[in-house]
Amino acid sequence: MSRRVVRQSKFRHVFGQAAKADQTYEDIRVSKVTWDSSFCAVNPKFLAIIVEAGGGGAFIVLTLAKTGRVDKNYPLVTGHTAPVLDIDWCPHNDNVIASASDDTTIMVWQIPDYTPVRNITEPIITLEGHSKRVGIITWHPTARNVLLSAGGDNLIIIWNVGTGEVLLSLDDMHPDVIHSVCWNSNGSLLATTCKDKTLRIIDPRKGQVVAERFAAHEGMRPMRAVFTRQGHIFTTGFTRMSQRELGLWDPNHFEEPVALQEMDTSNGVLLPFYDPDSSIVYLCGKGDSSIRYFEITDEPPFVHYLNTFSSKEPQRGMGFMPKRGLDVSKCEIARFYKLHERKCEPIIMTVPRKSDLFQDDLYPDTPGPEPALEADEWMSGQDAEPVLISLRDGYVPPKHRELRVTKRNILDVRPPSGPSRSQSASDAPLSQQHTLETLLQEIKALREQVQAQEQRITALENMLCELVDGTD
């Protein structure tokens, strides 16, 4: 009788656990927009969630420690004139977030470390270049201030947020709606999926499709694709019979999949969250009540099922914490922020270990908050892998850092002649003006509150005097 050999893997026993009730975020009106984005973005400092908002689009930003019931008057980030469809934190500045909206614009926001008194309504910069709604945004993994957006006009634009300029515009590549866009680890290539059922690998600086595969998944429903650490492409999609399936592809040999597995029958699009440090991919279906996870290796069948985290409530969206935001002392290898209808619930994935020592094998050096390149270096053709940091002593987020925006004069590109004059207040960087204005607004608002309280106290004192006089 042959014995079945169990595959060796340190991730075989990964288990998920929902946070306790007092660690959830309650009373949040999660957006009801029918768009297949995750509606949630998280980093080591903040949790951002797209919410329902009357007369425009908004999202809420909470510090991670602010668990429990959220005040219904808690300040929002509002500025879009139509629903927000996607949000993404800058990987190189934990206080900067970009939002994309149905109103065709992208806005970049500076979030203060303190809780603002009123709604944040002034973005650092508004990027306008799409003619239809913008449903996808994603930051470049290694170059500072480089942001990609994809819109309903089938157009991908790559921006320099530091100057507000369009670096690249990729049109005529997608004949239909773009469903997903993903950078590879050093930001030299893009993987895109489109309604025309084609999976494309694009070199954005050359403006070329370097490889493509038609009908990676034969169904008509949306596909998703992410790059793996080995340079393969992991995809989720549907069969012709509307069964969900996952695939692994080698871009150099697109004719045949490395692996293709059918999963189940369900309508929800599977959102893949890939962790390159452990080579685990987590699949979260919108409307599902489970998270499935798989390990990708070099041995057949290449995509190995590990386990499923199940709960009772379906998920409306999901946030995925970067590795530097995890608690290494508890052997935490992933943390999700699951959106319900009225709350957000952290789900923690851990590898059980008996030792309290730092587990080197679980935590290789991981991308840190420092960019490896400037935007113009990347545009000139340079590539660089992410700047790595060790998590041995845990990660402490840096203090508040300003995003400086310097808009260039497009009309006059001549170099300035004559001696440079000293910078006047009006020439100060936009971000500095923005900070001064914000502080002045905060001070003014607090003064108004104090004045109102003083008037109230005076009125109460007068009433008290009248009552005393009346009893006499």
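Even glycines carry a Cβ here, placed using N, Cα and C.
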Per TrEMBL record, range annotated coiled coil [choices 16-43, 72-99, 324-351, 436-463]: 436-463
Close approaches to the repeat 'WD' (127-169) from elsewhere in its chain (Cβ under 8 angstroms; 6 or more beyond its ends): 35, 37, 82, 85-92, 98-108, 175-178, 180-183, 185-187, 190, 192, 194, 204-205, 207, 367, 371-379, 383-387, 403-408
Within the predicted model, mean pLDDT of the coiled coil (436-463): 75
